[in-house]
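Engineer: One structure follows; several queries about it will come next.
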Amino acid sequence: LTFPLLSVTLLVSFGSSMLYGYNLAVVNSPAEHIKAFYNSTWSQRFGHGLAPGPLTLLYALTVSIFALGGLLGSLLVGALVERYGRNGALSRSALLVLLAGGFMGFSRELGSPEMVIIGRSITGLHSGGCFLGCICLSVVPLYLGEIAPKNLRGFLGLMPSIFICLGVFSAQVLGLPELLGKDRFWPLFLSVVVVPASLQLLLLHCFPESPRYLLIERNDICGATKALQWFLGTHDVQDVLEEMKQEQQSLSSMEMVSVWQLLRERSVRWQTLSVAVLNAGMQLSGIDAIWFYTNAIFENAGIPVSQIPYTTMGTGAIEVIAGLIGCLTIERVGRRPLLITGFCVMGVCSAGITISLLLQAALPWMRYVSVACVVGIIAGFCMGPAGVPFLMTAELFMQSHRPAAYIVGGSLNWLCNFTIGLIFPFLQMSAGAFCYLVFCGVCLLVALYVYLVIPETKNKTFMEISHIFA
């Protein structure tokens, strides 16, 4: 692992993936403050406050609009990475984050709940893909998967998932009452995202473009050679160049496929289905419900209100540790074991939450079982399902199919994210403790699919993986 490889991985993960994690959790602790702002603004405008139902719907929209922006952005992935390149797409992303931070930061001063919602949608646009070119959940793993040697592809590919966990943890720490968790600080809390985005904007232009992109899509052999030498820290890059040239030759008679062509192509049908199952499964597993509404879940479990922020922060620390475990073991144990184990742990813990909530009236200590199950869901997710699906999307397809595959996977990812963020409060009110059984079923079915269908891709070239599926 060379210093250039490590430095570019840390920069793009900090400036993009960490923002995704931060925005997942940032609306959790200031929920009551934001609702109070919405209610008071509504009262000033119309002379009466909002009823509980419409207020819950408006806040749920604020939470889930992040995913709707991500869905819109993910539809633009293919065209954007082809036009700007991986590095170029990422370097433009910070502009959107600065814009979003401005909307959210000045929303209370201007008495505009609409600015909070618009700012959230723009941060989603940045995370899923955007008009100016950044795709945090697509370009980051795509970029890292293309610059990494095959023996480090899993390790570097999971680094963004660690920074997603760090982003969640950062939001939980800054949301403590002693820091930015007070009523007067919530606009600043939402707009902290401008700090890592500014750092990425300043530094990313110092790093070269993806060698695989330069050679295969731009036919720039000289540029690809220099980029490889810089990333790998050696002048002997002939073997890597030859592997990339073989892939280029195999694609010489093929153009970049569209989403419609990808869905119709029989030769990659199982790869496409696998990407769809993994991306939809990781969001329908219930992890977004846990991240968006952690405080409400703990409150329903009977945890004292004064202890909830610190309990939430503890879960964030555990998810960072779980993410590190996954990152450090992926090249040893492979992709499939991490996915299967992660989804199974999440499924069992989802069922555990249901049981503990049903029994806590008779057994008060069951509230701590609920907390343990929430920790188990987060830890299981961060060990594998958090990052492996994005890594495998790059590994399962050749260069000509990869952008379209990210559009399919990203669209399903964000659509399911939006669905869970919007309906979970109402699902929780209507189904009570049994709502977690839905997530249990999804997790176990995805684990079964991975076991039966998806092969191991560790230490295999893109050509070898394509032949396995064929």
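Glycine is no exception: its Cβ is also placed from the backbone N, Cα and C atoms.
The domain 'Major facilitator superfamily (MFS) profile' annotation in TrEMBL covers 9-458. Annotation source TrEMBL lists transmembrane segment at 57-77, 89-106, 126-144, 156-174, 186-207, 273-293, 313-331, 338-359, 365-392, 404-427, 433-454.
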Engineer: Hey, which of 273-293, 313-331, 365-392, 404-427, 433-454 has the most Cβ-Cβ pairs under 8 Å against the transmembrane segment (156-174)?
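Structural biologist: Highest pair count goes to 313-331.
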Engineer: Please report, as numbers and ranges, the same-chain residues at least 6 past the borders of the transmembrane segment (313-331) whose CB is under 8 Å from any CB of it.
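Structural biologist: Long-range Cβ neighbours of the transmembrane segment (313-331): 25, 151-152, 154-155, 157-159, 161-162, 164-166, 168-169, 171-173, 176, 294, 338, 342, 371, 374-375, 378-384, 386-388, 458-459.
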Engineer: Under 8 Å for C-beta pairs, could you tell me which stretch among 186-207, 273-293, 338-359 has the largest tally with the transmembrane segment (404-427)?
Structural biologist: 273-293
Engineer: For the domain 'Major facilitator superfamily (MFS) profile' (9-458), what's the mean pLDDT in this predicted model?
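Structural biologist: Taking every residue in the domain 'Major facilitator superfamily (MFS) profile' (9-458) and averaging pLDDT yields 80.
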